[in-house]
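The block underneath contains the structure these notes are about, expressed in C-alpha coordinates.
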(Lines of atoms letter the chains of each structure in order from A and count residues from 1; the text may use other names and numbers.)
(Lines give C-alpha, C1' and ligand atoms only; values in the text may rest on other atoms or scores of the structure.)
Protein backbone atom coordinates (compact mmCIF):
# COMPACT_ATOMS: atom_id res chain seq x y z
CA UNK A 1 0.00 0.00 0.00
CA UNK A 2 1.29 3.48 -0.74
CA UNK A 3 1.28 6.13 2.02
CA UNK A 4 -1.75 7.85 0.60
CA UNK A 5 -3.75 4.66 1.02
CA UNK A 6 -2.62 3.63 4.53
CA UNK A 7 -5.50 4.42 6.88
CA UNK A 8 -4.52 7.00 9.46
CA UNK A 9 -6.35 8.24 12.53
CA UNK A 10 -8.01 11.67 12.38
CA UNK A 11 -9.99 13.66 14.89
CA UNK A 12 -13.02 15.73 13.94
CA UNK A 13 -14.85 18.03 16.34
CA UNK A 14 -18.47 18.70 15.49
CA UNK A 15 -21.25 20.58 17.14
CA UNK A 16 -24.77 19.20 17.11
CA UNK A 17 -28.15 20.69 17.81
CA UNK A 18 -29.74 18.89 20.75
CA UNK A 19 -32.40 17.00 18.78
CA UNK A 20 -33.05 13.26 18.31
CA UNK A 21 -31.27 11.69 15.36
CA UNK A 22 -28.64 14.41 15.04
CA UNK A 23 -25.74 12.20 16.06
CA UNK A 24 -26.67 9.46 13.60
CA UNK A 25 -27.10 11.98 10.79
CA UNK A 26 -23.64 13.32 11.56
CA UNK A 27 -21.95 9.91 11.56
CA UNK A 28 -23.47 8.51 8.39
CA UNK A 29 -21.41 10.69 5.97
CA UNK A 30 -18.23 9.39 7.62
CA UNK A 31 -19.04 5.74 6.97
CA UNK A 32 -20.49 6.49 3.53
CA UNK A 33 -17.18 7.99 2.45
CA UNK A 34 -14.84 5.25 3.55
CA UNK A 35 -14.12 6.42 7.09
CA UNK A 36 -13.82 3.84 9.84
CA UNK A 37 -15.20 5.06 13.17
CA UNK A 38 -12.83 4.50 16.08
CA UNK A 39 -14.53 6.35 18.92
CA UNK A 40 -17.18 8.94 19.59
CA UNK A 41 -17.11 11.25 22.54
CA UNK A 42 -20.47 12.92 22.90
CA UNK A 43 -19.98 15.70 25.43
CA UNK A 44 -23.51 15.85 26.79
CA UNK A 45 -23.79 18.46 29.52
CA UNK A 46 -21.18 20.59 27.81
CA UNK A 47 -22.24 23.34 25.43
CA UNK A 48 -20.33 25.17 22.71
CA UNK A 49 -20.45 29.01 22.66
CA UNK A 50 -23.45 28.72 20.32
CA UNK A 51 -25.31 26.51 22.77
CA UNK A 52 -24.80 23.30 20.81
CA UNK A 53 -23.39 19.97 21.97
CA UNK A 54 -19.76 19.30 21.14
CA UNK A 55 -18.90 15.85 19.74
CA UNK A 56 -15.43 14.53 19.17
CA UNK A 57 -15.07 11.76 16.61
CA UNK A 58 -11.95 9.69 16.04
CA UNK A 59 -11.89 7.96 12.71
CA UNK A 60 -9.52 6.16 10.45
CA UNK A 61 -9.22 6.70 6.72
CA UNK A 62 -6.57 7.13 4.05
CA UNK A 63 -5.18 10.70 4.21
CA UNK A 64 -6.51 11.54 0.76
CA UNK A 65 -10.04 10.56 1.80
CA UNK A 66 -10.14 12.80 4.84
CA UNK A 67 -11.02 15.94 2.88
CA UNK A 68 -13.91 14.10 1.22
CA UNK A 69 -15.23 13.00 4.62
CA UNK A 70 -15.13 16.56 6.00
CA UNK A 71 -16.77 17.95 2.86
CA UNK A 72 -19.51 15.33 3.11
CA UNK A 73 -20.18 16.31 6.73
CA UNK A 74 -20.46 19.99 5.77
CA UNK A 75 -22.70 19.14 2.81
CA UNK A 76 -25.01 17.38 5.27
CA UNK A 77 -25.27 20.57 7.29
CA UNK A 78 -23.03 19.40 10.13
CA UNK A 79 -20.97 22.19 11.72
CA UNK A 80 -17.34 21.05 11.77
CA UNK A 81 -15.40 22.98 14.39
CA UNK A 82 -12.11 21.21 13.91
CA UNK A 83 -10.84 18.75 11.35
CA UNK A 84 -7.36 17.34 11.83
CA UNK A 85 -5.14 20.17 12.90
CA UNK A 86 -7.23 22.86 11.28
CA UNK A 87 -9.95 24.64 13.22
CA UNK A 88 -12.91 26.45 11.77
CA UNK A 89 -16.07 27.93 13.02
CA UNK A 90 -15.02 30.74 15.34
CA UNK A 91 -17.24 33.64 14.65
CA UNK A 92 -16.69 37.33 15.04
CA UNK A 93 -19.42 39.93 14.79
CA UNK A 94 -18.54 43.60 14.37
CA UNK A 95 -20.43 46.75 13.49
CA UNK A 96 -19.13 49.33 11.08
CA UNK A 97 -20.51 52.85 11.33
CA UNK A 98 -19.93 55.80 8.99
CA UNK A 99 -20.08 56.70 5.32
CA UNK A 100 -20.24 53.08 4.22
CA UNK A 101 -21.59 53.77 0.74
CA UNK A 102 -19.21 56.61 -0.11
CA UNK A 103 -16.27 54.52 1.04
CA UNK A 104 -17.32 51.58 -1.19
CA UNK A 105 -18.77 48.93 1.09
CA UNK A 106 -18.04 46.05 -1.27
CA UNK A 107 -14.41 47.09 -1.45
CA UNK A 108 -14.34 47.26 2.36
CA UNK A 109 -15.73 43.74 2.63
CA UNK A 110 -13.39 42.38 -0.05
CA UNK A 111 -10.41 43.92 1.71
CA UNK A 112 -11.41 42.38 5.01
CA UNK A 113 -11.85 38.92 3.49
CA UNK A 114 -8.59 39.19 1.60
CA UNK A 115 -6.32 40.59 4.31
CA UNK A 116 -7.83 38.83 7.28
CA UNK A 117 -8.29 35.33 5.87
CA UNK A 118 -11.82 35.49 7.17
CA UNK A 119 -15.06 34.60 5.45
CA UNK A 120 -18.04 36.92 5.52
CA UNK A 121 -20.95 34.76 6.68
CA UNK A 122 -23.62 37.36 7.15
CA UNK A 123 -24.11 41.03 6.34
CA UNK A 124 -26.84 43.41 7.38
CA UNK A 125 -26.86 47.08 6.43
CA UNK A 126 -29.04 49.89 7.75
CA UNK A 127 -29.07 53.30 6.09
CA UNK A 128 -32.18 55.00 7.47
CA UNK A 129 -31.11 58.46 6.31
CA UNK A 130 -30.40 57.36 2.76
CA UNK A 131 -27.23 56.48 0.92
CA UNK A 132 -25.52 59.85 1.37
CA UNK A 133 -25.73 59.88 5.15
CA UNK A 134 -23.99 57.78 7.76
CA UNK A 135 -25.06 54.18 7.89
CA UNK A 136 -24.29 51.03 9.85
CA UNK A 137 -23.41 47.49 8.90
CA UNK A 138 -23.22 44.29 10.89
CA UNK A 139 -20.67 41.76 9.69
CA UNK A 140 -20.42 38.17 10.86
CA UNK A 141 -17.03 36.76 9.99
CA UNK A 142 -15.91 33.15 10.24
CA UNK A 143 -12.30 32.92 11.37
CA UNK A 144 -9.89 30.20 12.32
CA UNK A 145 -9.46 29.50 15.99
CA UNK A 146 -7.01 31.81 17.69
CA UNK A 147 -7.16 34.29 14.80
CA UNK A 148 -9.87 36.53 16.23
CA UNK A 149 -7.47 39.20 17.43
CA UNK A 150 -5.64 39.23 14.09
CA UNK A 151 -8.87 39.55 12.15
CA UNK A 152 -10.05 42.35 14.43
CA UNK A 153 -6.75 44.12 13.88
CA UNK A 154 -7.23 44.00 10.12
CA UNK A 155 -10.84 45.21 10.37
CA UNK A 156 -9.70 48.11 12.55
CA UNK A 157 -6.94 49.02 10.11
CA UNK A 158 -9.24 49.04 7.07
CA UNK A 159 -11.89 50.99 8.98
CA UNK A 160 -9.31 53.55 10.11
CA UNK A 161 -8.17 54.07 6.55
CA UNK A 162 -11.77 54.71 5.46
CA UNK A 163 -12.63 56.75 8.55
CA UNK A 164 -15.24 54.25 9.65
CA UNK A 165 -16.04 53.50 13.26
CA UNK A 166 -15.77 49.89 14.48
CA UNK A 167 -17.89 48.60 17.35
CA UNK A 168 -16.08 45.48 18.51
CA UNK A 169 -17.53 42.61 20.48
CA UNK A 170 -16.43 42.21 24.06
CA UNK A 171 -14.49 38.97 23.90
CA UNK A 172 -14.68 38.10 27.57
CA UNK A 173 -17.23 38.34 30.24
CA UNK A 174 -20.22 39.04 28.08
CA UNK A 175 -22.07 35.79 28.72
CA UNK B 1 -14.30 60.07 63.99
CA UNK B 2 -14.04 63.80 63.46
CA UNK B 3 -14.61 64.35 59.76
CA UNK B 4 -13.53 67.35 57.66
CA UNK B 5 -15.47 67.61 54.42
CA UNK B 6 -14.01 69.65 51.58
CA UNK B 7 -16.41 70.20 48.71
CA UNK B 8 -20.10 71.00 49.14
CA UNK B 9 -21.52 69.74 45.86
CA UNK B 10 -23.97 66.82 45.70
CA UNK B 11 -21.50 64.36 47.27
CA UNK B 12 -19.86 66.59 49.92
CA UNK B 13 -23.26 67.86 51.00
CA UNK B 14 -24.61 64.31 51.36
CA UNK B 15 -21.55 63.20 53.32
CA UNK B 16 -22.06 66.09 55.76
CA UNK B 17 -25.79 65.40 56.07
CA UNK B 18 -25.45 61.61 56.51
CA UNK B 19 -22.33 61.57 58.73
CA UNK B 20 -24.30 61.49 61.98
CA UNK B 21 -26.33 58.54 60.70
CA UNK B 22 -23.04 56.63 60.36
CA UNK B 23 -21.88 57.65 63.82
CA UNK B 24 -19.43 60.27 62.58
CA UNK B 25 -19.07 63.93 63.51
CA UNK B 26 -18.42 66.73 61.02
CA UNK B 27 -15.97 69.23 62.56
CA UNK B 28 -15.13 71.09 59.34
CA UNK B 29 -17.03 71.81 56.17
CA UNK B 30 -15.60 73.75 53.24
CA UNK B 31 -16.60 74.75 49.73
CA UNK B 32 -14.55 76.61 47.13
CA UNK B 33 -15.17 79.99 48.78
CA UNK B 34 -14.93 79.41 52.48
CA UNK B 35 -15.14 77.05 55.43
CA UNK B 36 -16.71 76.57 58.83
CA UNK B 37 -14.97 74.82 61.75
CA UNK B 38 -16.48 73.68 65.04
CA UNK B 39 -14.70 71.22 67.35
CA UNK B 40 -18.07 70.35 68.91
CA UNK B 41 -19.61 69.51 65.53
CA UNK B 42 -20.62 71.76 62.67
CA UNK B 43 -24.33 72.59 62.41
CA UNK B 44 -24.56 71.10 58.91
CA UNK B 45 -28.09 72.28 58.13
CA UNK B 46 -27.22 75.85 59.15
CA UNK B 47 -23.99 75.82 57.12
CA UNK B 48 -25.81 74.55 54.03
CA UNK B 49 -28.55 77.18 54.33
CA UNK B 50 -25.84 79.80 54.70
CA UNK B 51 -24.33 78.54 51.45
CA UNK B 52 -27.74 78.79 49.79
CA UNK B 53 -28.15 82.38 50.96
CA UNK B 54 -24.58 83.76 50.86
CA UNK B 55 -22.81 81.44 48.42
CA UNK B 56 -20.54 79.77 50.98
CA UNK B 57 -20.78 77.55 54.05
CA UNK B 58 -18.54 79.85 56.10
CA UNK B 59 -16.06 82.75 56.27
CA UNK B 60 -12.89 80.92 57.20
CA UNK B 61 -10.10 80.45 54.64
CA UNK B 62 -10.06 76.85 53.39
CA UNK B 63 -6.28 76.59 53.98
CA UNK B 64 -6.71 77.65 57.63
CA UNK B 65 -9.61 75.26 58.07
CA UNK B 66 -7.43 72.37 56.84
CA UNK B 67 -5.12 73.01 59.82
CA UNK B 68 -7.99 72.56 62.29
CA UNK B 69 -8.55 69.42 64.39
CA UNK B 70 -10.02 66.40 62.56
CA UNK B 71 -9.23 62.69 62.06
CA UNK B 72 -10.15 62.19 58.45
CA UNK B 73 -10.39 64.49 55.46
CA UNK B 74 -13.13 63.77 52.93
CA UNK B 75 -12.04 65.25 49.60
CA UNK B 76 -15.19 65.77 47.53
CA UNK B 77 -14.28 68.69 45.27
CA UNK B 78 -14.91 68.27 41.52
CA UNK B 79 -12.56 65.92 39.67
CA UNK B 80 -9.84 67.79 37.79
CA UNK B 81 -7.37 66.33 35.30
CA UNK B 82 -3.61 66.78 34.99
CA UNK B 83 -2.21 68.02 38.32
CA UNK B 84 -5.57 67.17 39.99
CA UNK B 85 -5.62 70.50 41.83
CA UNK B 86 -6.87 71.87 44.15
CA UNK B 87 -7.88 68.42 45.42
CA UNK B 88 -4.32 67.12 45.52
CA UNK B 89 -3.13 69.97 47.77
CA UNK B 90 -5.98 69.34 50.20
CA UNK B 91 -4.91 65.68 50.38
CA UNK B 92 -1.28 66.68 50.85
CA UNK B 93 -2.16 69.05 53.72
CA UNK B 94 -4.07 66.30 55.52
CA UNK B 95 -1.45 63.55 55.02
CA UNK B 96 1.44 65.82 55.99
CA UNK B 97 -0.27 66.42 59.32
CA UNK B 98 -0.84 62.65 59.68
CA UNK B 99 -4.60 62.61 59.09
CA UNK B 100 -6.48 59.99 57.09
CA UNK B 101 -7.95 60.85 53.70
CA UNK B 102 -11.07 59.54 51.97
CA UNK B 103 -11.47 60.58 48.35
CA UNK B 104 -14.61 61.01 46.30
CA UNK B 105 -12.57 63.10 43.84
CA UNK B 106 -11.12 60.85 41.12
CA UNK B 107 -8.35 63.26 40.04
CA UNK B 108 -5.61 62.45 42.57
CA UNK B 109 -6.08 58.65 42.31
CA UNK B 110 -6.34 58.57 38.51
CA UNK B 111 -3.82 61.23 37.56
CA UNK B 112 -1.26 61.20 40.40
CA UNK B 113 -1.44 57.74 41.93
CA UNK B 114 2.30 57.39 42.63
CA UNK B 115 2.51 60.89 44.18
CA UNK B 116 -0.47 60.04 46.34
CA UNK B 117 1.04 56.73 47.52
CA UNK B 118 4.37 58.47 48.26
CA UNK B 119 2.61 61.00 50.46
CA UNK B 120 0.74 58.17 52.19
CA UNK B 121 3.99 56.27 52.88
CA UNK B 122 5.44 59.32 54.61
CA UNK B 123 2.33 59.79 56.73
CA UNK B 124 0.63 58.05 59.65
CA UNK B 125 -2.62 58.62 57.77
CA UNK B 126 -4.14 56.21 55.24
CA UNK B 127 -5.89 56.93 51.96
CA UNK B 128 -9.10 55.20 50.84
CA UNK B 129 -11.17 55.95 47.73
CA UNK B 130 -14.04 53.47 47.33
CA UNK B 131 -16.38 56.25 46.14
CA UNK B 132 -14.25 57.02 43.08
CA UNK B 133 -15.24 53.81 41.25
CA UNK B 134 -18.86 52.81 40.76
CA UNK B 135 -20.48 55.08 43.38
CA UNK B 136 -22.24 52.93 45.95
CA UNK B 137 -20.89 49.65 44.55
CA UNK B 138 -18.16 48.19 46.80
CA UNK B 139 -15.68 47.49 44.01
CA UNK B 140 -12.39 48.49 45.60
CA UNK B 141 -13.15 46.83 48.92
CA UNK B 142 -14.01 43.62 47.02
CA UNK B 143 -10.65 43.84 45.25
CA UNK B 144 -8.97 44.52 48.59
CA UNK B 145 -10.70 41.51 50.18
CA UNK B 146 -9.61 39.16 47.40
CA UNK B 147 -6.20 40.80 47.11
CA UNK B 148 -5.26 42.56 43.85
CA UNK B 149 -3.02 39.57 42.96
CA UNK B 150 -6.10 37.38 42.79
CA UNK B 151 -7.97 39.60 40.35
CA UNK B 152 -6.82 39.20 36.75
CA UNK B 153 -9.12 41.75 35.11
CA UNK B 154 -11.90 44.20 35.82
CA UNK B 155 -14.49 45.41 33.34
CA UNK B 156 -17.92 46.92 33.38
CA UNK B 157 -20.37 49.69 32.77
CA UNK B 158 -19.11 52.61 34.84
CA UNK B 159 -20.97 55.63 33.52
CA UNK B 160 -24.68 55.92 34.20
CA UNK B 161 -25.26 58.80 31.79
CA UNK B 162 -23.82 56.98 28.78
CA UNK B 163 -25.64 53.82 29.76
CA UNK B 164 -28.93 55.68 30.12
CA UNK B 165 -28.50 57.16 26.65
CA UNK B 166 -27.62 53.85 24.98
CA UNK B 167 -30.39 51.91 26.69
CA UNK B 168 -33.01 54.59 25.89
CA UNK B 169 -31.87 54.76 22.27
CA UNK B 170 -32.28 50.98 22.05
CA UNK B 171 -35.64 50.79 23.82
CA UNK B 172 -37.29 53.71 22.06
CA UNK B 173 -35.52 53.69 18.70
CA UNK B 174 -34.61 57.36 19.21
CA UNK B 175 -31.45 59.07 18.05
CA UNK B 176 -28.59 60.30 20.24
CA UNK B 177 -29.51 64.01 20.28
CA UNK B 178 -33.12 63.34 21.22
CA UNK B 179 -32.21 61.04 24.12
CA UNK B 180 -29.46 63.39 25.29
CA UNK B 181 -31.93 66.28 25.66
CA UNK B 182 -34.28 63.96 27.52
CA UNK B 183 -31.43 62.92 29.83
CA UNK B 184 -30.58 66.58 30.43
CA UNK B 185 -34.22 67.35 31.30
CA UNK B 186 -34.20 64.47 33.78
CA UNK B 187 -30.94 65.64 35.35
CA UNK B 188 -29.23 62.41 34.25
CA UNK B 189 -26.90 64.31 31.90
CA UNK B 190 -25.13 67.59 32.55
CA UNK B 191 -25.56 70.67 30.33
CA UNK B 192 -22.10 69.83 28.99
CA UNK B 193 -22.18 66.03 28.82
CA UNK B 194 -18.71 65.60 27.26
CA UNK B 195 -17.09 64.10 30.35
CA UNK B 196 -19.67 61.29 30.36
CA UNK B 197 -20.45 60.65 26.68
CA UNK B 198 -16.87 60.90 25.49
CA UNK B 199 -15.86 58.17 27.92
CA UNK B 200 -13.56 60.30 30.12
CA UNK B 201 -15.38 59.58 33.36
CA UNK B 202 -15.49 55.81 32.73
CA UNK B 203 -11.83 55.92 31.71
CA UNK B 204 -10.79 57.63 34.98
CA UNK B 205 -12.55 54.86 36.92
CA UNK B 206 -10.81 52.18 34.88
CA UNK B 207 -7.47 53.95 35.33
CA UNK B 208 -8.08 53.81 39.09
CA UNK B 209 -8.92 50.09 38.79
CA UNK B 210 -5.73 49.59 36.77
CA UNK B 211 -3.69 51.41 39.44
CA UNK B 212 -5.20 49.35 42.24
CA UNK B 213 -4.77 46.03 40.39
CA UNK B 214 -1.23 46.69 39.20
CA UNK B 215 0.03 48.97 41.98
CA UNK B 216 0.14 52.10 39.88
CA UNK B 217 1.42 52.91 36.43
CA UNK B 218 -1.66 54.45 34.82
CA UNK B 219 -3.11 57.87 34.20
CA UNK B 220 -5.77 59.04 31.76
CA UNK B 221 -3.08 59.55 29.10
CA UNK B 222 -2.41 55.78 29.13
CA UNK B 223 -6.03 54.85 28.43
CA UNK B 224 -7.55 54.17 25.01
CA UNK B 225 -10.84 56.03 25.09
CA UNK B 226 -13.77 56.17 22.67
CA UNK B 227 -17.16 57.69 23.44
CA UNK B 228 -20.71 57.09 22.28
CA UNK B 229 -21.51 60.40 20.57
CA UNK B 230 -21.35 59.02 17.03
CA UNK B 231 -23.23 55.76 17.61
CA UNK B 232 -26.35 55.99 15.44
CA UNK B 233 -29.67 54.31 16.23
CA UNK B 234 -29.17 52.13 13.16
CA UNK B 235 -26.13 50.49 14.79
CA UNK B 236 -28.21 49.59 17.84
CA UNK B 237 -30.94 48.16 15.60
CA UNK B 238 -28.48 45.98 13.73
CA UNK B 239 -27.03 44.76 17.01
CA UNK B 240 -30.52 43.92 18.27
CA UNK B 241 -31.27 41.82 15.15
CA UNK B 242 -28.43 39.60 16.25
CA UNK B 243 -29.47 39.39 19.93
CA UNK B 244 -26.87 41.95 20.94
CA UNK B 245 -26.68 45.52 22.09
CA UNK B 246 -24.06 48.22 22.55
CA UNK B 247 -22.75 49.37 25.92
CA UNK B 248 -19.93 51.72 26.88
CA UNK B 249 -17.58 49.16 28.42
CA UNK B 250 -14.47 49.97 30.42
CA UNK B 251 -11.71 47.43 30.95
CA UNK B 252 -8.62 47.28 33.14
CA UNK B 253 -6.59 44.25 32.10
CA UNK B 254 -2.89 43.39 31.94
CA UNK B 255 -3.06 44.75 28.36
CA UNK B 256 -4.00 48.18 29.66
CA UNK B 257 -7.00 50.41 30.17
CA UNK B 258 -9.60 50.72 27.45
CA UNK B 259 -13.04 52.33 27.23
CA UNK B 260 -15.32 52.20 24.22
CA UNK B 261 -18.71 51.14 22.89
CA UNK B 262 -18.78 47.34 22.57
CA UNK B 263 -21.17 44.66 21.40
CA UNK B 264 -22.53 42.58 24.27
CA UNK B 265 -25.39 40.05 24.39
CA UNK B 266 -28.61 42.00 24.95
CA UNK B 267 -29.67 39.77 27.83
CA UNK B 268 -26.16 39.35 29.17
CA UNK B 269 -24.90 40.41 32.58
CA UNK B 270 -23.20 43.53 31.31
CA UNK B 271 -26.25 44.89 29.47
CA UNK B 272 -27.60 46.79 32.48
CA UNK B 273 -30.22 49.43 31.72
CA UNK B 274 -30.76 53.03 32.75
CA UNK B 275 -28.23 54.63 35.06
CA UNK B 276 -27.28 51.29 36.63
CA UNK B 277 -23.58 50.41 36.83
CA UNK B 278 -21.96 46.99 36.91
CA UNK B 279 -18.44 45.78 37.58
CA UNK B 280 -17.18 42.34 36.70
CA UNK B 281 -14.04 40.99 38.36
CA UNK B 282 -12.14 37.97 37.06
CA UNK B 283 -10.64 36.14 40.02
CA UNK B 284 -7.83 33.57 39.93
CA UNK B 285 -9.61 30.87 41.94
CA UNK B 286 -13.21 31.90 42.31
CA UNK B 287 -14.42 32.56 38.78
CA UNK B 288 -16.24 35.71 37.92
CA UNK B 289 -17.75 38.16 40.34
CA UNK B 290 -20.49 40.58 39.22
CA UNK B 291 -21.39 43.55 41.38
CA UNK B 292 -24.02 46.03 40.25
CA UNK B 293 -25.83 48.98 41.73
CA UNK B 294 -26.09 52.74 41.66
CA UNK B 295 -22.94 54.25 40.28
CA UNK B 296 -23.66 57.90 40.96
CA UNK B 297 -25.74 60.31 43.03
CA UNK B 298 -25.12 62.26 46.25
CA UNK B 299 -26.36 59.86 48.94
CA UNK B 300 -25.15 56.79 47.00
CA UNK B 301 -21.61 58.11 46.66
CA UNK B 302 -21.68 59.49 50.21
CA UNK B 303 -22.50 56.01 51.52
CA UNK B 304 -19.30 54.70 49.93
CA UNK B 305 -17.35 57.62 51.46
CA UNK B 306 -18.77 56.97 54.92
CA UNK B 307 -18.02 53.23 54.62
CA UNK B 308 -14.39 54.20 54.01
CA UNK B 309 -14.47 56.48 57.07
CA UNK B 310 -15.70 53.54 59.15
CA UNK B 311 -12.89 51.31 57.79
CA UNK B 312 -10.39 53.85 59.14
CA UNK B 313 -11.73 53.76 62.68
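Heads up, the Cβ atoms here are built off N, Cα and C, so glycines get one too.
Cβ environment of residue B:8 (NADP(+) binding site): B:16, B:29, B:30, B:31, B:48, B:51, B:57, B:76 lie under 8 Å away, each six or more residues apart in the same chain. In the three-state DSSP assignment, the secondary structure recorded for residue B:8 (NADP(+) binding site) is coil. Sequence annotations record features per position, and here TrEMBL assigns NADP(+) binding site to B:7, B:8, B:9, B:10, B:11, B:12.
As annotated by TrEMBL, NADPH binding site applies to B:106. According to DSSP, residue B:106 (NADPH binding site) is assigned to coil rather than to any helix or strand. Residue environment of residue B:106 (NADPH binding site) contains 25 other Cβ atoms, counted within 10 Å of its Cβ in all protein chains.
Summarising the annotation, TrEMBL assigns domain 'Homoserine dehydrogenase catalytic' to B:138-309. Along the domain 'Homoserine dehydrogenase catalytic' (B:138-309), the predicted structure has mean pLDDT 95.
Annotated L-homoserine binding site per TrEMBL: B:190, in sequence order. Neighbour density for residue B:190 (L-homoserine binding site): within 10 A of its CB lie 13 other CB atoms from the protein chains shown. Reduced to three states, the DSSP call for residue B:190 (L-homoserine binding site) is coil.
The active site, proton donor annotation in TrEMBL covers B:205. Note on residue B:205 (active site, proton donor): other Cβ atoms within 10 Å of its Cβ, all shown chains, come to 29.
Marked as region 'Disordered' by TrEMBL: B:294-313.
Around residue B:7 (NADP(+) binding site), taking its Cβ as the centre, 24 other Cβ atoms fall within 10 Å, counting all chains. Ranked by Cα separation from residue B:205 (active site, proton donor), the binding-site residues B:7, B:11, B:106, B:190 are led by B:106. Once Cβ contacts within 10 Å are tallied over all protein chains shown, the binding-site residues B:9, B:12 are led by B:12.
Cβ atoms within 8 Å of the centroid of the Cβ atoms of B:7, B:8, B:9, B:10, B:11, B:12 (the NADP(+) site) belong to the same-chain residues B:5, B:13, B:14, B:15, B:31, B:76, B:77, B:104, B:298, site residues excluded. The sparsest Cβ neighbourhood within 10 Å, among the listed binding-site residues (B:10, B:11), is found at B:10.
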